[in-house]
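Shown next, in structure tokens, is the structure this report addresses.
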């Protein structure tokens, strides 16, 4: 193996640049050349590929987003499009590939592996929704961003004795909502994986005000319901003032936390180690604080298991 490529695909996540840096410098330290591929699989097919050096990744570890840029490219599901990507890999002498992203990115990596190219997937997703890893790159930063925002929201909620329904990211996974809910002392956490009783939530909020509380915070995962709609439903059972707030894409931005930088660096270096061993078609993970890898194909039949003990814990702490 003389040259590897690296790309980021799908939604960006803080820490991706740290992973790119680790892959690049680990490969170079082992005598392997590195090519960066801009704009994910779309850039691969278009041939937007360039040589990377140690200097290319200098001063990138603290930056949010991905300096290789990203793009969603559903067309890569088609065999004809995949073959165009293969042509570009051959043209640039790329022997193997590291892909950083989520579910769609892993599907692309699997397709390339089936075409004879060793590909390794790194879990880059703020949602923490990828199986066989306790932790995805970007999750910690997103949680800290949401936590800081909710701390500020609580200030104005207290000033006006209001309830705020705060929408956080997590279409199918409530990990951000659970962690941030506990960290901010939320009155309720609402996630896709658990049933909820909106009337009960309203009653608990009313009881809180009756007991002297000056605010109410409901952390709502985006996959459950629109925040405005949830707020309106809540007001059917409560006589308090309420507002909805959608944190949105701010959770994807910002300088990555220490944890995201370190984990991304460890995963990036581990991906190169696997490629040096001639392995491919694998997804890197962090399980019980240890680096692991699994066949990418296994991920598609598996389900991410969040720390639902946090959900139960918050119910007790919010009383």
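Glycine residues also receive a Cβ, built from the backbone N, Cα and C atoms like all the rest.
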Swiss-Prot has 21, 22, 23, 24, 25, 185, 186, 187, 213, 214, 215 down as binding ADP; which of 63, 154, 252 does it also list for that site?
154
From 162, 259, grab the residue that Swiss-Prot records in the same substrate site as 125, 126, 127, 169, 170, 171, 222, 243, 249, 250, 251, 252.
162
Kindly point out which candidate in 5, 11, 15, 31 is recorded by Swiss-Prot as part of the ATP site with 72, 73, 102, 103, 104, 105.
11
Min neighbour Cβ count (10 Å) across binding-site residues 21, 25, 171, 243 flags 171
Please name the residue among the binding-site residues 23, 169, 250 whose C-beta has the most neighbouring C-beta atoms within 10 angstroms.
23
In Å, how long is the longest CA to CA span across 11, 72, 73, 102, 103, 104, 105, which the record gives as the ATP binders?
13
Within a 10 Å radius of its Cβ, which of these binding-site residues (105, 125) has the fewest neighbouring Cβ atoms?
125
